[in-house]
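Here the structure comes first, spelled out in C-alpha cells, and everything after it is commentary.
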C-alpha cells in the first residue's frame with residue numbers, strides 16, 4: 001500500500017511547490033527603518049518589502065505613531081497591500097484605498113494615512129518593534145512612498161484647543177485621559193466649513209481602532225458633523241479612565257444634508273472626489289459637576305413650590321376677608337336702628353356698573369312674554385339696562401330652572417325642551433336662558449371630561465413611556481447619537497438619560513397642573529358649601545359653576561409635562577407628536593370652557609369633544625408620516641379644514657338649532673334668496689357674526705398658507721391653528737365682556753397682564769431654535785448653544801419654565817375672569 005501511494009505523494013508535493021512558485025514572492029527585502037524619513041521604493045509580485053521600526057514606550061507617556069503611504073503609479077490593476085504588525089495589534093490596508101458610498105459607489109484614494117493603535121505597557125519603559133510589510137500581486141513594478149512619524153500632540157489636554165486636517169483616507173484620532181477628580185467631560189469639535197461631512201466618534205482605548213467611514217459606527221459613541229459637534233463623556237463608561245476621539249471624513253455628504261456627487265455611467269467606475277480635506281478643532285472641557293445637578297433641581301423645585309406658597313397666602317387672605325365680611329354683615333343685622341343697613345361692595349348697590357344698559361332688549365313686547373325676554377321700552381337696541389329694575393336677590397322668588405323665565409310660563413322640563421327653537425333663537429340671550437337644565441345632570445356631564453381625559457392619559461402615556469425608553473436604550477447600546485436631536489452643548493446625562501436637564505425642566509407643568517387641580521377642588525368645596533346653606537348668590541347669580549372642564553384642563557397640563565418629558569428623552573421627528581398631543585387637548589378644552597361659561601346647557605359632550613380632538617391627533621400623525629412635500633395630502637387637509645370651519649360656524653351661529661340633512665342646500669338657497677336677493681337684511685346675531693367672520697378669515701388664511709407653503713413641521717402648523725382660534729375667541733370674549741358693561745376685577749386683570757408678559761418672554765426663548773429635526777442631525781447641531789442658566793439649563797429649558805407658568809396663568813384667567821358676576825342675577829348676564 002505504501003509503495004502504491006508514494007507516487008501520488010510525490011506528485012502532490014511537486015504540485016504544491018509549483019503553485020508556491022507562481023503565487024508566492026521569490027524575494028523578501030527587509031530593512032531597518034527610521035522615523036521621520038521618507039522611503040521611496042518599488043514592489044511587484046516577485047518582491048516583498050519589510051520595514052522594521054523600533055521605539056521606546058513608557059508607562060506615563062503616550063506617543064502616537066502615524067504611517068503615511070502614497071502610491072505614485074496610477075494603475076487600475078492590483079493594489080498594494082500594507083500590513084503593520086505590532087505587539088498586540090495588526091493593521092492592514094490597501095492602496096489605492098477604495099471606500100464605498102451609497103448605491104455601492106466606489107471612491108478611490110491614492111494617498112493614505114493611518115494612526116497606529118498604541119497598546120499600554122505595564123513596564124516603566126520598554127522598546128517595542130513593529131513591522132510594515134508591503135506587497136502586491138501586480139507583475140509590474142509599482143512605486144510608492146512610505147513615511148512613519150511621531151505625533152507630538154496625540155494626547156489631548158483639558159481646556160486646550162487643538163487644530164488638525166483630515167480626509168476620508170487620512171482619518172485622525174487622539175487620546176484623552178481623565179484627570180483626577182474629573183468624572184465627566186464634553187468633547188467639542190468645530191470647523192469653519194460645513195462640508196465635507198465628517199463623523200466624530202468616542203471609542204475605548206482598545207485595538208483595533210475603527211477609523212474609516214465604513215467601520216467607524218461599529219463601536220463607541222458617534223455623531224455626524226458639519227460645523228459643530230459635541231459629545232459628553234463620563235468616566236464610568238471607560239474602565240481605563242481614557243478614550244479615543246476619532247475624526248473621520250465621510251465619502252459623501254448626504255448624511256449631513258449635502259448632495260451626492262456626479263456618478264459616471266461606466267459600471268463600477270471609481271469616482272474621483274478631488275480634494276476633500278477638512279480642518280477641524282477639538283476642545284475637551286470639564287462638564288458640570290454633581291453640585292450643578294443639585295442646584296438645578298433645587299432651583300426648579302424652588303420656582304414652582306413658591307407658587308404653592310403664594311397660593312396658600314392668597315387663600316389665607318381671602319379667608320380672612322370673607323370672615324371680616326361675614327362679621328360686618330352680622331353687625332349690620334344686629335343694629336337695625338341705624339336707619340339704613342351697611343352696603344357691601346359685593347352686594348347689589350342701586351348704582352351698579354350694569355345699570356343704564358339694555359343689551360339686546362326687544363321693542364313692543366307684549367305682557368305675556370315679559371317673563372321670557374326683558375323689555376327695554378322704547379325701541380333702543382343699544383347696550384344697556386335702561387328702564388330695567390335691578391332687584392336684590394333676596395327679594396326674587398327662587399326658581400329651580402335658574403332662568404329669567406317665570407314659573408307660570410313653563411310647567412315642566414319637557415315643555416322647556418320642546419321650546420328650544422324659541423328660546424335659543426331669540427335675538428338677544430341671557431345666561432338664564434341657557435342654564436335651565438338640572439345642575440346635577442350638568443355636573444355629571446362635565447365630570448365626564450375629567451374621567452375621560454384621565455383614561456386617555458393612561459392609555460396614551462404608557463406606550464409612549466415604553467417607546468421612548470426603547471429609543472434611549474437603542475442610543476445607549478448602538479452609540480448612534482444621530483437618533484436624538486439634543487442640544488448637545490447643554491445636554492447633561494443622568495443614569496441612562498442623555499439630557500436630564502431637558503426632562504427636569506418639564507416638572508413645572510406637572511407641579512402647576514397639580515396646583516391648579518387643588519385650587520379647583522377648593523373652589524368646588526366652597527361652592528358646594530354655599531349650596532348646602534342655600535346661598536342665593538350661589539344658586540341664582542353669576543356664571544353657573546361647573547368644574548369638570550377645569551379638572552380636565554389641570555390634568556391635561558400635567559400630562560403635557562409628562563409627555564413633553566418623554567419627548568425630550570429622545571427628541572426626533574417621529575416623537576414630536578407626543579409633545580403636541582396634549583397641547584391640542586389644552587387648546588380645545590380652553591375654547592370649550594370659554595363657550596361653556598355663557599352656554600352651559602348647550603356645550604359639547606365629552607364624547608364628541610374628545611372624538612374631535614382624536615381626529616385632530618389622527619391628522620397630526622398623518623401629517624407627520626405623509627405630509628412632507630405631499631401636495632395631495634395638503635389639498636385634502638385644506639378642504640377638510642375649510643369644511644370643518646364652515647360647519648362649526650353654522651353650529652355656533654344658530655346655537656345648534658339647524659340640521660345637516662338632504663335639505664340643507666335647499667334651505668341655504670332659500671336664505672340667500674330671501675335675505676340677499678329679495679331684500680338686503682343684516683345678520684340677526686351681529687356679535688356672533690363678527691366673531692365667526694373673523695374666525696373664517698383666519699382659518700381660510702391658515703388653510704391657504706398650508707396649501708401654498710406646505711410646512712415640514714405639520715404638528716406645529718396644526719397647533720398654530722388651534723392657538724390662533726383660541727386667542728381669537730379669548731380676545732372676543734374679553735371685548736364683549738367689557739362692551740356689555742361688565743368689569744374685570746383686580747386679580748384676573750393682574751393675571752392677564754402677567755400672563756401676557758410671561759408668554760412674550762416664553763415665545764422669545766422658544767424661537768431660539770437650539771435644534772430642529774426638520775434638518776439632518778449634523779445640520780441641527782449647528783444651532784446648538786451653551787447653557788445660559790446655572791450652567792445647567794438652556795434656552796429651551798427656560799421656555800419650559802416660562803410656558804408652564806404662562807399656561808397656569810392662562811388657566812387662572814379663565815377661572816377668575818367672571819368673578820365680578822358672582823352677585824349678578826343670571827337673567828342680567830348676557831350671552832355672547
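Each Cβ is built from the backbone N, Cα and C atoms, and glycine gets one as well.
So that you can see what the record holds, here are the features copied from Swiss-Prot:
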CARBOHYD  27  N-linked glycosylation site
CARBOHYD  54  N-linked glycosylation site
CARBOHYD  60  N-linked glycosylation site
CARBOHYD  123  N-linked glycosylation site
CARBOHYD  141  N-linked glycosylation site
CARBOHYD  165  N-linked glycosylation site
CARBOHYD  476  N-linked glycosylation site
CARBOHYD  496  N-linked glycosylation site
CARBOHYD  572  N-linked glycosylation site
CARBOHYD  603  N-linked glycosylation site
MOD_RES   401  phosphoserine
MOD_RES   403  phosphoserine
MOD_RES   404  phosphoserine
SIGNAL    1-18  signal peptide
TOPO_DOM  19-296  topological domain 'Extracellular'
TOPO_DOM  318-447  topological domain 'Cytoplasmic'
TOPO_DOM  469-499  topological domain 'Extracellular'
TOPO_DOM  521-546  topological domain 'Cytoplasmic'
TOPO_DOM  568-605  topological domain 'Extracellular'
TOPO_DOM  627-631  topological domain 'Cytoplasmic'
TOPO_DOM  653-688  topological domain 'Extracellular'
TOPO_DOM  710-715  topological domain 'Cytoplasmic'
TOPO_DOM  737-746  topological domain 'Extracellular'
TOPO_DOM  768-796  topological domain 'Cytoplasmic'
TOPO_DOM  818-832  topological domain 'Extracellular'
TRANSMEM  297-317  transmembrane segment
TRANSMEM  448-468  transmembrane segment
TRANSMEM  500-520  transmembrane segment
TRANSMEM  547-567  transmembrane segment
TRANSMEM  606-626  transmembrane segment
TRANSMEM  632-652  transmembrane segment
TRANSMEM  689-709  transmembrane segment
TRANSMEM  716-736  transmembrane segment
TRANSMEM  747-767  transmembrane segment
TRANSMEM  797-817  transmembrane segment
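Locations of recorded Swiss-Prot features on the structure.
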residue : record                      : CB count, 10 Å
27      : N-linked glycosylation site : 9
54      : N-linked glycosylation site : 13
60      : N-linked glycosylation site : 6
123     : N-linked glycosylation site : 8
141     : N-linked glycosylation site : 14
165     : N-linked glycosylation site : 12
476     : N-linked glycosylation site : 15
496     : N-linked glycosylation site : 12
572     : N-linked glycosylation site : 18
603     : N-linked glycosylation site : 22
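For the topological domain 'Extracellular' (818-832), the mean pLDDT of the prediction comes to 85. Put simply, 476 is the one of the glycosylation sites 123, 141, 165, 476 whose Cα lies nearest to the Cα of residue 496 (N-linked glycosylation site). With pairs at least 6 apart in sequence, the transmembrane segment (547-567) and the transmembrane segment (716-736) have fewer than 3 Cβ pairs within the 8 Å limit; the two do not touch.
Recorded residues residue 572 (N-linked glycosylation site) and residue 603 (N-linked glycosylation site) have their alpha carbons 37 Å apart, per Cα-Cα distance. Checked against residue 27 (N-linked glycosylation site) by C-alpha proximity, the glycosylation sites 123, 141, 165, 603 yield 141 as the nearest. Geometry remark: residue 603 (N-linked glycosylation site) versus residue 165 (N-linked glycosylation site), CA distance 67 Å.
Here the CA atom of residue 60 (N-linked glycosylation site) lies 10 Å from the CA atom of residue 123 (N-linked glycosylation site). Distance between Cα atoms for residue 54 (N-linked glycosylation site) and residue 141 (N-linked glycosylation site): 28 Å, as a whole number. The transmembrane segment (632-652) is in contact with the transmembrane segment (606-626), judged by 3+ CB-CB distances under 8 Å for residue pairs 6 or more apart in sequence. Residue 27 (N-linked glycosylation site) falls within a strand segment according to DSSP. Ranked by Cα separation from residue 60 (N-linked glycosylation site), the glycosylation sites 141, 165, 476 are led by 165. Cα spacing between residue 165 (N-linked glycosylation site) and residue 141 (N-linked glycosylation site): 32 Å, rounded to the nearest whole number.
Counted as Cβ pairs under 8 Å, contacts with the transmembrane segment (500-520) are highest for 547-567 among 448-468, 547-567, 606-626, 747-767, 797-817. Counting in whole angstrom, residue 141 (N-linked glycosylation site) lies 49 from residue 476 (N-linked glycosylation site) by their C-alpha atoms.
Classification of residue 603 (N-linked glycosylation site) by DSSP places it in coil, neither helical nor stranded.
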